[in-house]
């Protein structure tokens, strides 16, 4: 059991509580992504797991052992930083071997381990260079190598790809996923990039203002967001929110946005209980379909992106974005008819923002 | 355009002349015998250049000097070396470690310590001279080389600590975190990571401290006593205590001998010094 567990962790700075009662269980071999906007506390959680920041209350367990009071090097973890944090005066070889040297491993063993890591990450030709002679991507490989060489129970990644350009970031993402599949070690990964979260994670924890909003598989976080914050943070373009209420529409249910109705096809039957009460409809752009049986809408703007196009529409008194294929042409100011896929939409309580369907 | 060039070189030439003229007078006077000095212009080149004055300034002529100071500057040169080497390494070494501790570790009272360092940097040494004398006297090392070394270290350490603290503050936090995760404690982090990073600053601190300590007169005069008399004090004695006719050639040679070590340090380390300053070593 090489997982991580946070039990009732609290964090306060100078008497100000920024994080309250964080409970989190990370299974052995999981790839857990802490996702949230800047200032949400994701890096603080990572630093507390690493032991770089003390907890104010609660306890942290790594691999079944309580580590709350232990120093970072006693916790059986390794960390990769956004800035790579390689020792500038040491060669790549010494950078990777430094942690082992500090643990008093014999020189010959260190050499052997460093060579193995060099081969694994394909950086053998770089081993005798200085970090300043490497590109950003190469430096990141070295930083990952420095973490791997220690063979810890848990790997911690603090926004490791943010400093790379888009192309390299995509490549490194694939490599990280492969590495995780091959090694099967527990990874805790902090990012504000939802694409990284969706592609890499086995479990995503969405954070806001120091508390956990939702902890679930990437699919569930996307399809069944627990509240409006999660719904709006995950997904691009962002989810459409319309305030209104559900009304009876013949045999089915429609959504009344105040100045017009939207038919909600195949809404689950338990939504009937909500008829009449105020709700916030949350529909992702791909939940809006152009259909001749739908409600009247006006095209405001079409944005082709290549594989898709995003169409801004005015419907039922609100502005929404629909995602559709690139084939159809939309001109601003023309009329369209729109239908909403009731099976996939979310309904939120307008007061608390919590999902009610 | 042509005129600008000319004006530029003209100005540079004048500036160089103003600085080099005294040096020239010193060198040329030191190479002249006394007759030439007495009769000729001070700008005249030596007719029969000789190193006699240099020899006398270095190894001395007992018939010429007042009692006790026999042996020229050579013995006080050794004293200066014995003062500079421990004072240099102690002040720079202590400054490096203290600056590192202040910058990289959370310590209680660090702000107070920082304020004390600022005071230490800006207060003139004359102000604390008397209390320092009492302190060194109570330690039983007044009037000796160890006493003088201690005073130099006390005076140097505020400055060197500031230099190293300011440099180590620019080291990214992530690097310190990475080292902590790798298991590097206080000394390994200093030795393997921070000190190698600070080499340019180390160079500048060494050069500046060497210059301050070697050129110091006041502290040497006050705390050195007879046995710990540095070269600057001996030079003053030599120049000020001759009987009879003033031996300008010997005075000039002695002065140049005293200034030579610092000059050599600057010339030999010029590039390192500039690089260290460029690395942000001497701020403010």
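Including glycine, each Cβ sits where the backbone N, Cα and C put it.
Whatever TrEMBL says is automated annotation, not expert-curated.
Noted in TrEMBL for the protein shown:
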type: TRANSMEM; residues: B:7-27; note: transmembrane segment
type: DOMAIN; residues: B:77-269; note: domain 'ABC transmembrane type-1'
type: TRANSMEM; residues: B:83-105; note: transmembrane segment
type: TRANSMEM; residues: B:112-133; note: transmembrane segment
type: TRANSMEM; residues: B:145-168; note: transmembrane segment
type: TRANSMEM; residues: B:189-214; note: transmembrane segment
type: TRANSMEM; residues: B:252-274; note: transmembrane segment
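Outside the transmembrane segment (B:112-133), and at least 6 residues removed from its termini, the chain residues within Cβ reach (under 8 Å) are 102, 142, 151, 154-155, 157-159, 161-162, 165, 218-219, 222-223.
Counting Cβ pairs under 8 Å that are 6 or more residues apart, the transmembrane segment (B:252-274) and the transmembrane segment (B:7-27) reach 3 or more and are in contact. Sequence-remote contacts of a segment are chain residues at least 6 beyond its ends whose Cβ falls under 8 Å from one of its Cβ atoms, and for the transmembrane segment (B:7-27) they are 42-43, 252, 255-256.
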